[in-house]
């Protein structure tokens, strides 16, 4: 049996990679994807704990379903925003979006 | 009657409040409010004096709690001793005269009611000062009379000279008050009370160290120096002549400036207990007497001559007190009040007529102003010590006291001062009233409400001295002050008569005979005297200028050193802010990164122990 | 049990390598495809964790729907290559450092914690279990989730719609 | 414990009624807004007079106590942090609440003529600030104290920054910078106090951390407590550290030299009604804090450093006095005179006897009244001639006799003329100092002369002399404008003539402070 540690480690690694992507990638689309990656890492954890946790039960999976739902919604809205931005500014490079400064 | 003594200051207070509230509506009717209230006070004061004159009369004292701090209680109240009763009488009488006189003198002034308001305030404070049974209350009203005097000096507020005179008067007397404040505070913690009686008792029983008594007595005397215009704090009094002349008569001649003398007399047991303090009082008084008289010799402003004369006469009183001549000092205080008030009122009458204060622009006024001339002559004779008039008796008594106390130098100084007094008074008389007119004003005698008070006062200036023969000395000392009747050698009396006549004769020789006025710049000693020994200039260079310069240095310090430090810290925070704002570059990812780094730091710092351990 | 280990190893490798590839490829569309690989690896891990239903959901939604959507998005925004001109050296270094340290802290936490070793019994057919739980205990969140999806749908349409009428 | 809402809560939060009312008034109805602004400000005033009259001056502890559970944060099994909503006044804070109410209501009247724009926002912020004002003096819990303290700070920032003179933003930021620094130090001190001395044993043996002032006083002043929680006991280092931190924090507020430069800018730029509040009440929070906390928490240390306090007081007294003498602007003179006069408060506190303490409280009240009077009069002048420079003023007594008279009266009161409050405070302070430190006392009395010199110079420059060109056509104060002058002078004279009205309620409390110092 693969121990819980292994799954969690995979999750942690994916999470870190996703985080790096969020912080460093310039394309808005890839940033969105990196967020998905982080969410996936979390899903792995949820399901792993649902099986091997202190109080393992099905709720972990239910939670994952909700996460996926939210992720899907987020992707849809995020993409829509990116398209809107692209239409207005001609770019979706995150580094060009600095209107917060003004 | 004695238990109702509080009524005496109450009437002027009521008048003050009424005039503050309704003065503007009353216009010149304000005078009646003032006069009626003062008349009531005078009647009560007279009643008190007569009751206190009775041989079996006791001192009356009553106290009320005013303020309780910790285990100490401060009281207010009133006390009637012979000295108080006498002062009440003098103050109410002179004040009443001045109130009546002012109705004519101030007629037509647009701030007429304000003048009476201030007068009422002054009279109230002065009367309350007189009946104070303790040092604290005395100090309170001591300050209040100072403030009233300040207001009245600055009555002609639009004149810059009046403004600076008022300022000077307040500040210089305040310096003296500081001494008084320190003195009574020290005394309070030493004997635990402000009551005169308590203080004297403690002193008598030897509960207070002799050195300490000297210290406090001198500090209290500093207060008196400030108020009574003694050297070196005399400079304000001549300047105070910027005020209306009735004010000069009331405050700067008869009553307030005498408060210093009164205070020393009131705390006489304290001074008596310290030989050093007595010597200081006598020396300062004696020096001031001759010093101020010498300045008075050459001044050209009629009021200033009188002012220096006042300073000199107050010096006389101090000299008397310092020479253990309690009776002499108080006696002279009493007589001086009348003739000096009289002289000022006549001066006011003259100024009223010719609209100038420079005696070189007067002359020959005697023809039109017969009454004024006559009463001025009485006043001048009285102050010069002409035999039979009030000043003669009191001055004689002072000279005797000084002689008895053994201060030979002071005695001769006093005698020379007496000659000078006679000289400058008659210099005034000759220059103002005799000879040919050197002015072109249409001169006429003052109205009745001005002349009547002058006449009343001139009568007192003639007869006030005779109370010496009715047991004055015995009566005034029965409040426990040990001061014996002075019996000096007869030649002192003759000497003082010679001094008076000598002065008058000299004045006649120089001014009365040919009635010429010297023109041209004063030279030599004359110049020194004319410029009042350059005391004002000295103070200006030694005190005022360095203080101002120091102020500007400090301003510079405040602006550049303290301000510079502030700027430095501002610059520092700005620098930090700049670093911070460079992070705020609007890049979402940069914000995210900072957040993550923060999280990392937090995690590391929180788990460092576990990670390493 | 070596089979499970091998399977785990393969899926984990897929998941991680997909993620790493996403970071390092040049063309955006390749990145999108590589993350699809990662999603499939995750689905495999789900199978190993006896969460078959979720594995299908994962493949359907992530590997299918989301990847396709991203690909479409890439086309619509005509992002062919990532902009490499802008260098943010310090930023990148700090990002690497931050992500690495967080990862290390997590890994260290995982390593040092003693986890229970027993697998919970989640029933033979966990679709039934999920269904039971979903429609009894979690029915309100479920309904809310549907509401969320609806709102997101509408929001996405409104945002992406061309503003022709203005 | 009281279960109903008490008087203090009513006083503290009644200004919120004004906020509520103003919310329904359109912002262009200036008249209605001003009316509400003035009327509602009088509610706390009336309530505080009720409090004053029912105050029992024989009790030395807290009165009108209100104590409600508010925030409780469980820590572990056996401990929790508790912040209570507790209000109360003793002889020290009661006069300050009344003073705040007087000054605030007068400031509201002043605002009617002196605030020229955005009345609605102004009065809303003004009401919020009043909540802070009353709360600060009534709070019996450091946490609550801090909240109210910050309310005054932030509202004042906006009030100065929006309605001030030309350089208002600069002034507002200076204010925020200094006072923010002070608050930060204050907060750190409070946290240290909470961790080191703020605990008591609750029911079931739980340890309850609290910021209740009385608890902290108890813990700090009872030897060797059994608790050494979190490894932090009440060591001497902590005591001294917190003492000086509090001294600095309140010293900025007071303000003590060299932290005074903020008030120069702020007072000058603030709108006159706010200058009234600032100098009348806000600065007094510093003095109050020094008294309540430094003296309350660390009586022994305070006694050790009383000489330092006296010297600080003398420096303030002289520094302000000398600088006031060389200013060329009436408003700056008033500002520096504030610095000079708070020196007397510190001197009184340093005297360490009941005369000194009484003097300090009298000076707090007296200067509160007089400083707001001065700023008000200067504001009235500024309203007419738009300058406060001496070179452009003079002879005001001719055209504005009433205002000049009040100004002169105020100056005389301020330089310690008997019959007015300034005398009582100065006299008691100096008398107190003379008991133990005659030499320092004698030096400090020189300050009286300095005060006389600069006040007479400035006031006479403005009121006496030939009438300046700018002042020839102005009219005297209108009757609405006269109200604050008359009321403030009235209180000044009341306290001056009948000081027992103030000394009696505070006597018992001050005695308690003295007993603590005595051991």
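Cβ from N, Cα, C; glycine included.
Residues annotated as transmembrane segment in TrEMBL: D:6-25 (among others).
Residues or ranges marked as transmembrane segment in TrEMBL: D:32-52 (among others).
TrEMBL lists D:78-131 with the feature domain 'NADH:ubiquinone oxidoreductase chain 4 N-terminal'.
Per TrEMBL, transmembrane segment is recorded for D:92-115 (among others). Counting residues 6+ beyond its ends, the transmembrane segment (D:92-115) has Cβ neighbours under 8 Å at 8, 11, 34, 37-38, 41-42, 44-45, 47-49, 51-52, 55, 63, 122-123, 126, 130, 133-134, 137-138, 163, 271-274, 276-277, 280-281, 284, 288, 291-292, 361, 364-365, 368-369, 372, 376, 379-380, 383, 480-481, 483-484, 487-488, 491, 502, 505-506, 509-510, 513 in the same chain.
Same-chain residues lying 6+ beyond the ends of the transmembrane segment (D:122-139) with a Cβ under 8 Å from its Cβ atoms: 8, 11-13, 15-16, 18-19, 22-23, 33-34, 36-37, 40-41, 44, 86-89, 93, 96-97, 100-101, 104, 107-108, 111, 115, 145, 147-153, 155-156, 158-159, 162-163, 273, 277, 281-282, 285, 288. The transmembrane segment annotation in TrEMBL covers D:122-139 (among others).
Among the features that TrEMBL reports, domain 'NADH:quinone oxidoreductase/Mrp antiporter transmembrane' is placed at D:139-451.
Among the features that TrEMBL reports, transmembrane segment is placed at D:145-165 (among others).
Packing against the transmembrane segment (D:177-200) from elsewhere in the chain are residues 81, 142-143, 146, 149-150, 153, 207-212, 215-216, 219-220, 225, 227, 229-230, 232-234, 238, 241-242, 245-246, 248-250, 252-253, 259, 262, 297: each is 6 or more residues past its ends and has a CB under 8 Å from a CB in it. Residues or ranges marked as transmembrane segment by TrEMBL: D:177-200 (among others).
Annotation comment: TrEMBL describes D:240-264 (among others) as transmembrane segment.
Taking Cβ pairs closer than 8 Å, the transmembrane segment (D:276-293) reaches residues 92-93, 96, 99-100, 103-104, 106-107, 110, 129, 133, 136-137, 149, 152, 156, 213, 246-247, 249-255, 263, 266-267, 270, 334-335, 338, 342, 345-346, 349, 360, 364, 367-369, 371-372, 375-376, 379, 513 in its own chain, all 6 or more past its ends. Taken from TrEMBL, the feature transmembrane segment applies to D:276-293 (among others).
Per TrEMBL, the feature transmembrane segment maps to D:333-352 (among others). Tertiary proximity for the transmembrane segment (D:333-352) is limited to same-chain residues at least six positions away from its ends with a CB under 8 Å from its CB atoms, namely 254-257, 260, 263-264, 267-268, 279, 283, 286-287, 290-291, 295, 303, 306-310, 312-321, 323-324, 327, 358-364, 367, 370-371, 374-375, 378, 414, 425-426, 428-430, 432-433, 435-437, 444, 447, 450-451, 454-455, 458, 514, 517.
According to TrEMBL, the transmembrane segment annotation covers D:364-385 (among others).
Look at TrEMBL and you will find D:406-433 (among others) tagged as transmembrane segment. Within the same chain, residues 310, 337, 341, 344, 347-348, 350-351, 353-360, 362-363, 365-367, 369-370, 373-374, 377, 396, 440-441, 444-445, 448, 451-452, 455-456, 458-459, 462-463, 485-486, 489, 491-493, 495-497, 499 sit at least 6 positions outside the transmembrane segment (D:406-433) and bring their C-beta atoms closer than 8 Å to a C-beta of that stretch.
According to TrEMBL, the transmembrane segment annotation covers D:480-501 (among others).
Counting same-chain residues at least six beyond the ends of the transmembrane segment (D:6-25), those with a Cβ under 8 angstroms from any Cβ of the stretch are 32-33, 36-37, 40-41, 43-44, 47-48, 50-51, 64-66, 87-89, 97, 101, 120, 123-124, 127-128, 130-131, 134-135, 138.
Long-range contacts of the transmembrane segment (D:480-501) within the same chain, counting only residues at least 6 positions beyond its ends with a Cβ under 8 Å from a Cβ of the stretch, are 102, 106-107, 109-110, 112-113, 362, 365-366, 369-370, 372-373, 376-377, 380, 402-403, 406, 409-410, 413, 418-424.
With helix defined as DSSP H, G or I and strand as E or B, the domain 'NADH:ubiquinone oxidoreductase chain 4 N-terminal' (D:78-131) counts 35 helix, 11 strand, 8 coil. Confidence for the domain 'NADH:ubiquinone oxidoreductase chain 4 N-terminal' (D:78-131), expressed as mean pLDDT, is 88.
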